[in-house]
Amino acid sequence: GTLSKSLNRGFATFLAGALGLGADYFASLFGKNGEPIVLGILVFLLAAAATFSRFFPRIKARYDYGVLIFILTFSLVAVSGYRVNELVVLAHQRLSTIIMGGATCMLISIFVCPVWAGEDLHKAIASNLEKLATYLEGFGGVYFQSSESDGMGTGKSFPQGYKSILNSKSSEESLANFARWEPGHGRFRLRHPWKHYLKIGALARQCAYQIEAINGCIGSDHIQGSEEFKGKIEGSCTRMSAECGKTLKALATSMKTMTDPYSSANTHVENSKAAMKDLKFGLKAASLENADLAAILPAATVGSILVEIVKCVEKISEAVHELSQLAHFEKETVEPTVSPEKPPQLLHRGIIQPVLDGDSTANDNVVITIHEIISTDSPENGKACDQHQVPKSGKKIEAL
């Protein structure tokens, strides 16, 4: 931010000072009577054009401060040229003061007390994902009055941290703009994909808007709807909400540790999509022909919004995974687990011929023919076993 503002201020002062000197010289050609009129016209035209350029999004995002300084400096130099004799000295003093001040600020901001905008942006995006995860993990238990609400309660005690995400666009764009000017530091390389953070931030705000819509359903007695219908969709909706929360929490953790989140988050994403399919199948199987629409509409709305949240969380997971590839995040390390030794298992391949009841011609035997016995641990796999006769309940069992 310091570098961006210093360069904007320096170039704007230099350009405005040069144009101010040129405007003063051009106005002096019209004599004493015409000089103030020409200066006034030039100041109005250039200031109006510079002001209009600030409405362009690209210029406003990067050069808004420089355009503002240009208007101020040009007006000061042009108007002062009408009354000050040594105008070049005035422009030189102003430019040299800005160079010394900007250099001092940059040295302090980089070497003495560094505060990196890129690191702040990275932490802000991860924190936003955690806020969304905290809400979604507890929503199912609170809305359906489940016993697994973890004591979060309803109403004002329910976490409302997601609301700060709704208005985070300007701050994220400002931090991303400043981060582009920063040199490589820490685990952030020189050409770090800062623009991709804005994509994740936009998806997080989209998810926060969906959460804001279903948040109004908590604690509103007049829109609770049919308890019977809520009971039919409770399991699927609770799973969808919980799995989405786990996905976002895994993504936030992976961003903080800068590791690839695909393996940890993909499982929860698939679970949420499976719960979404269960909800659709449950709604198709439910008999809603004679149901009261006013009674089932509130709960159906919550289920519909949760479906959109699942899709949005899936997009967030893909965006974070893409960021991990562009930024070269580390791969997750999976600790090997050693299972206890299991006893040898015999896998039998054979044919069972059952005895038919009521068949007078059948012998009073159960014949089990085993072609081979395969042991998973024994080196003598594939060998045929000997014949055994095991009597049971008056019946003879023959094994080959």
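Note that Cβ sites are derived from N, Cα and C of the backbone, with glycine treated the same way.
Of the given residue ranges 148-170, 378-400, TrEMBL assigns the label region 'Disordered' to 378-400. Between the stretches 63-83, 189-209, TrEMBL puts its transmembrane segment entry on 63-83. Taking TrEMBL as the reference, the stretch among 12-31, 272-291 described by the feature transmembrane segment is residues 12-31. Of the recorded ranges 37-56, 63-83, 95-117, the transmembrane segment (12-31) has the largest number of C-beta contacts under 8 angstroms with 63-83.
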